[in-house]
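**Q** Submitted below is the structure of interest, expressed as structure tokens.
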Amino acid sequence: MPATSLDQIVALAKRRGFIFPSSEIYGGLQGVYDYGPLGVELKNNIIADWWRTNVYERDDMEGLDAAILMNRLVWKYSGHEETFNDPLVDCRVCKMRWRADHIHGVCPNCGSRDLTEPRPFNMMFRTQIGPVADSGSFAYLRPETAQGIFVNFANVLTTTARKLPFGIAQVGKAFRNEINPRNFLFRVREFEQMEIEYFVMPGADEEWHQRWLESRLAWWEQIGIPRSRITIYDVPADELAHYSKRTFDLMYDYPNIGVQEIEGIANRTDYDLGSHSKDQDQLNLTARVNRNEDSIARLTYFDQASGRHVVPYVIEPSAGVGRAMLAVLCEGYAEELTKALPADKLAVVGEALQSFLKSVGRSEKISAEARDAILARGEELGQALAERLPEVEQLLAMPGVDQIEVGKKLRGQAQPLIDEHYRTVLRLKPRLAPIKAAVFPLKRNHDQLVATAKEVRRRLQLGGDMRTVYDDTGAIGKLYRRQDEIGTPFCITVDFDTIGQGKDPALAETVTVRDRDTMAQERVPIAELEAYLREKLRA
Ligand code: GAP
């Protein structure tokens with residue numbers, strides 16, 4: 001079962017080093033996160049998989065890496081200066097600011113309905129260019145990577161001699177001054193996008209829009225988000241972005257956040273190339289564009305069949321890396337019972353939970369809001385304690401619980417039972433796993449076991465693409481649990497048989513390989529280990 005609460009993912013991400021709040025030692029920066037040692041690996045693997053699928057495995061795609069800073073005129077003619085706005089309201093009582101379409105007329109902070117009229121708030125960040133700060137010396141941090149592709153259309157076309165249809169792929173940072181960044185990686189102010197602008201003959205756009213929809217759904221499935229978990233939202237006309245003729249939003253059901261966009265697939269028509277072109281009157285544009293007096297180029301394509309210059313239509317699949325990573329973590333997350341729970345010990349935890357909740361109900365040290373939240377969560381848990389015992393950890397991490405003395409008793413009763421009977425496992429697709437294999441010596445104070453394990457690790461790492469780690473910081477069971485939790489598909493143990501000092505001489509030069517998902521163990525000759533793992537990692 002995927003994650004049932006975003007808290008599970010936030011806690012795991014922090015505990016194991018996937019994601020940290022930005023500048024945490026100075027109190028953080030709202031809506032900005034850093035990717036830790038495992039997060040950067042997972043993020044890079046998602047991006048690499050997207051690039052491999054959309055650039056290398058097709059014969060109609062090119063790549064690009066355009067700069068984040070661009071001439072300000074790009075954002076004038078793209079329409080962003082005028083229209084990239086969210087509706088902002090102020091609460092007149094508590095002075096907080098909100099996005100009007102997120103709050104249904106009630107201030108989420110103080111409950112007041114005394115709000116100002118919504119006014120447009122432009123979400124682009126500005127930065128100064130050069131040493132003199134005057135009204136003309138600023139640039140924007142790009143709010144989408146797409147425009148870097150449109151303004152390079154002619155460069156790519158002339159240097160690659162592509163014929164329509166073809167596309168340009170780009171992965172890079174985008175920045176949006178979101179009014180209320182929230183929900184962990186879901187809505188942030190600095191994020192990465194994986195965008196494709198796919199150029200087609202006008203008239204072929206609708207067919208290509210459908211094809212890209214199918215192709216993108218297949219990719220999500222490939223990285224572990226089943227088709228059944230994605231809803232397609234055919235965006236109604238009154239919600240479409242200013243450039244779009246039709247958009248399919250792919251929606252994923254994030255725990256706590258709900259069904260939300262993970263990727264948009266838009267038909268941008270000839271809006272963008274037309275907007276950035278000179279001589280617009282001569283281009284037979286179908287989109288309504290602002291008159292462009294500044295561009296020095298016609299962004300057209302010469303169609304040999306008709307002998308005419310046309311402005312291609314564009315299909316744009318655009319996905320956020322952070323939202324992809326969050327979905328992959330949620331989908332892969334599981335807390336599993338590994339052996340049956342003894343009824344008597346469970347009953348003791350049940351009693352400890354009840355007395356904890358009683359104590360919460362009586363406590364005057366915590367706010368009414370925190371108390372109600374703890375009670376609601378605790379009672380829900382108590383209804384199905386056998387299935388959800390590990391969630392006691394999240395209950396005890398809720399704001400206010402540190403004021404409840406008997407919380408410690410509950411933890412003392414629950415934790416050993418959780419440790420012994422459950423495991424947290426991230427069932428990531430092996431291709432995405434931050435670490436592909438971990439190698440352990442059966443004993444860390446045995447020179448030959450240690451040296452052999454380190455040599456096995458070194459050899460697996462030689463290929464360069466299979467991140468492998470060595471670990472001897474605990475008993476084997478504990479090391480397995482740690483790797484399960486971060487999604488490592490294979491754990492390899494070097495034991496006395498490996499070094500020819502075991503009971504069975506036939507097992508010399510072999511190791512035990514344990515599978516993350518089945519927990520089954522297999523004996524594999526060291527000489528065949530790399531090929532064995534590669535075969536399985538292809539999945
Ligand atoms: N070029 C088209 C474009 O930027 P968008 O729907 O605004 O379209 C595309 O953004 C994707 O970027 C979204 O589907 C989402 O995955 C991601 N995204 C947008 N805003 C985001 C934010 N504030 N935080 C995280 N991801 C975001």
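Note that Cβ sites are derived from N, Cα and C of the backbone, with glycine treated the same way.
All annotation found in TrEMBL is predicted automatically rather than curated by experts.
Straight out of TrEMBL:
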- 7-342: domain 'Aminoacyl-transfer RNA synthetases class-II family profile' (DOMAIN)
- Arg99, Glu144, Phe191, Glu192, Gln193, Met194, Glu195, Glu316, Pro317, Ser318, Ala319, Gly320: substrate binding site (BINDING)
- 176-178, 186-191, 261-262, 320-323: ATP binding site (BINDING)
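I'd like these features described in context: how deep, what's nearby, how far apart.
**A** Phe191 (substrate binding site) counts 21 other C-beta atoms within 10 Å of its own C-beta, drawing on all protein chains shown.
Cβ environment of Arg176 (ATP binding site): Met123, Met124, Phe125, Pro143, Arg189, Phe191 lie under 8 Å away, each six or more residues apart in the same chain.
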**Q** In angstrom units, rounded to an integer, how far apart are the Cα atoms of Val321 (ATP binding site) and Arg99 (substrate binding site)?
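**A** Cα-Cα, rounded: 23 Å.
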**Q** In whole Å, could you give the widest CA to CA gap in the substrate site formed by Arg99, Glu144, Phe191, Glu192, Gln193, Met194, Glu195, Glu316, Pro317, Ser318, Ala319, Gly320?
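**A** Maximum Cα-Cα distance: 26 Å.
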**Q** I'd like to verify something. Among the binding-site residues Arg176, Arg189, Pro317, Ala319, which ones have a C-beta closer than 6 angstroms to some atom of ligand 1?
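**A** Once distances to ligand 1 are taken from each Cβ, Arg176, Ala319 fall under 6 Å.
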**Q** Here's one to test understanding: among the binding-site residues Glu178, Arg187, Ile262, whose C-alpha is closest in space to the C-alpha of Ala319 (substrate binding site)?
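**A** Comparing Cα positions, the candidate nearest Ala319 (substrate binding site) turns out to be Ile262.
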**Q** Can you check what DSSP calls Arg323 (ATP binding site), collapsed to helix, strand or coil?
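**A** Going by the DSSP assignment, Arg323 (ATP binding site) falls within a helical segment, counted as helix.
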**Q** What is the one among the binding-site residues Arg99, Arg187, Arg323 whose Cβ has the most other Cβ atoms less than or equal to 10 Å away?
**A** Arg323
